[in-house]
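Straight from Swiss-Prot, the features:
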REGION    1-22  region 'Disordered'
MOD_RES   56  phosphoserine
REGION    68-99  region 'Disordered'
TRANSMEM  100-124  transmembrane segment
TOPO_DOM  125-142  topological domain 'Extracellular'
TRANSMEM  143-170  transmembrane segment
TRANSMEM  173-192  transmembrane segment
TOPO_DOM  193-199  topological domain 'Extracellular'
TRANSMEM  200-228  transmembrane segment
TRANSMEM  234-259  transmembrane segment
TOPO_DOM  260-265  topological domain 'Extracellular'
TRANSMEM  266-295  transmembrane segment
TRANSMEM  332-362  transmembrane segment
TOPO_DOM  363-366  topological domain 'Extracellular'
TRANSMEM  367-395  transmembrane segment
TRANSMEM  398-420  transmembrane segment
TRANSMEM  424-453  transmembrane segment
TRANSMEM  462-487  transmembrane segment
BINDING   471  choline binding site
TRANSMEM  490-512  transmembrane segment
REGION    537-560  region 'Disordered'
MOD_RES   541  phosphoserine
COMPBIAS  550-560  compositional bias 'Polar residues'
């Protein structure tokens, strides 16, 4: 037994005040198990050391005596996860049970409802672009007007993401879901009143409402996964939630060319077909809105993971939305991920919006084939999303997986670019599928990686910022690629995207992998988080002369 005394170095000295009643051990301490038991009253401490020498102990004690340095900006909010007084205990500490966790069967219902109304919203995003030439003829507008029916989704997201994420963080998951589903339903019904050739502004109004609904939809997958699903299924749940949006885009590529064929010589038939598509969409959106009201709940009775339990038990009064945003932008790995996610997702949005124009440049009159190629692109991406989700749940290898998928997305874009004009439709189907598999499969990877490196910040805030970056890059890429496609050729526009994707690879390689949420779950499960009482040498009042606690936490995974 070795006692920490003045010869070895005081465990706590004047000028080194505890943080929230706890003293944080610096990350570079020597390995070895440290257990402690309180003996001879609250001030005496005996440490049983396995594999730790007295010299190492002295070095550790000396480190504790140094003045405490401020936490890094991205780590400040972690203090709200710790108990605030010496009388409280850390989850997983020896002698105290971890918070009760359980998985609710309702989680599958919540996930299904969200995926379905997200599907309808994505369908309404792409339903104009995939038959852009048909709507140009019906409304008598230019191709740029039809492109804006897609880009309005991206434009609306940027200014509205901050109030939307604030609402999610302060008012909760259910209200955000109700707004997303309700506005999606309202926008669908407004478009039903636009089936006349002079009412383009009405269809734009309906599309604007749907774009506002999207703001309350895109940031929810990672929040739903974290709040409702356990550590071993959270990545798969996030991928499934993203899958609903991708499936909507896939159906948006498939159904409009079938429901609204190009019958410009018969305007009445064309109006009837457009009306059928609009009324069918609004009926489904209304049904899903009612399901959301009835069955979508805020959270389960018990948290599904220790990380979620720690967040739910943190004092809500200490949470600051502005501080959370500030911490995220000071987190260098997250800023790099923000840029790289925006590049690859913006490229996908641009390709999806302009796919019909690219295909019809080389394959005249093949609107249905263009829709099927878009369907292939998105369906392949759905498979990629699910496989990536399973892979992350199984391995927890975020950085390497993200980098590999990014590289393969770049290669897929290069192959698609230089095979598009060969005149072989089957080649375009195959290359489009390869491109979609990796590019769309990246989406849940970005969400989950962001949650890991920004924990304990809100999942909705990090996801919302990622989507905002995607919308900004999507608008810029769509305008630039559309201009290059019109003035030069589709190949020129695609090469433009290839250059940006290559830049994204370089930035992804620079991201430091710091899996905070995963380390919290693993640390508690393995008992790696220890609470070690130490002698308090500071002159306090008799009531304050109690043992302090050193929280020893597992070090974060280092960068590659």
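Cβ coordinates come from backbone N, Cα and C, glycine included.
Contact between the transmembrane segment (398-420) and the transmembrane segment (332-362) is supported: at least 3 Cβ pairs lie under 8 Å, counting only residues 6 or more apart in sequence. As a summary of secondary structure, the topological domain 'Extracellular' (125-142) carries 13 helix, 0 strand, 5 coil according to DSSP. Two recorded stretches are said to be in contact when at least 3 C-beta pairs lie under 8 angstroms, sequence spacing 6 or more; the transmembrane segment (173-192) and the transmembrane segment (266-295) meet this definition. When each of 100-124, 200-228, 234-259, 332-362, 424-453 is checked for Cβ pairs under 8 Å to the transmembrane segment (490-512), 332-362 comes out on top. Counting Cβ pairs closer than 8 Å to the transmembrane segment (100-124), the top stretch among 143-170, 234-259, 332-362, 367-395 is 234-259.
Contact between the transmembrane segment (332-362) and the transmembrane segment (462-487) holds: at least three of their C-beta pairs are under 8 Å, each pair 6 or more apart in sequence. The Cβ of the residue listed as 'choline binding site' has 26 other Cβ atoms within 10 Å, all protein chains considered. For the topological domain 'Extracellular' (125-142), the residues of the chain that approach it from at least six positions outside its boundaries are 149-150, 153, 197, 200, 203, 207, 210-211, 214, 248-249, 252-253, 255-257, 260-262, 264, 267, 270-271, 274, 277, 281, 352-357, 360, 367, 370-371, 374, judged by C-beta separation under 8 angstroms. The list of residues near the topological domain 'Extracellular' (193-199) in space but at least 6 beyond its ends in sequence, with Cβ under 8 angstroms from a Cβ of it, reads 138-140, 205-206, 267, 271, 274-275, 278. As a quick check, the transmembrane segment (462-487) and the transmembrane segment (234-259) miss the bar of 3 or more Cβ pairs under 8 A, pairs 6 or more apart, so the two do not touch. Using a Cβ-Cβ cut-off under 8 Å and counting only residues 6 or more beyond its ends in the same chain, the transmembrane segment (234-259) has close neighbours at 107, 111, 114-116, 118-127, 130-131, 217-218, 220-222, 224-226, 228, 273, 276-277, 280, 305, 352, 355, 367-368, 370-375, 377-379, 381-382, 385-386, 388-390, 392-393, 440, 443-444, 447-448.
Long-range contacts of the topological domain 'Extracellular' (260-265) within its own chain (CB-CB distance under 8 A, at least 6 residues past either end) are made by residues 131, 133-134, 137-138, 273-274, 277, 367.
Counting only same-chain residues 6+ beyond the ends of the topological domain 'Extracellular' (363-366), those with a CB under 8 A from a CB of the stretch are 425.
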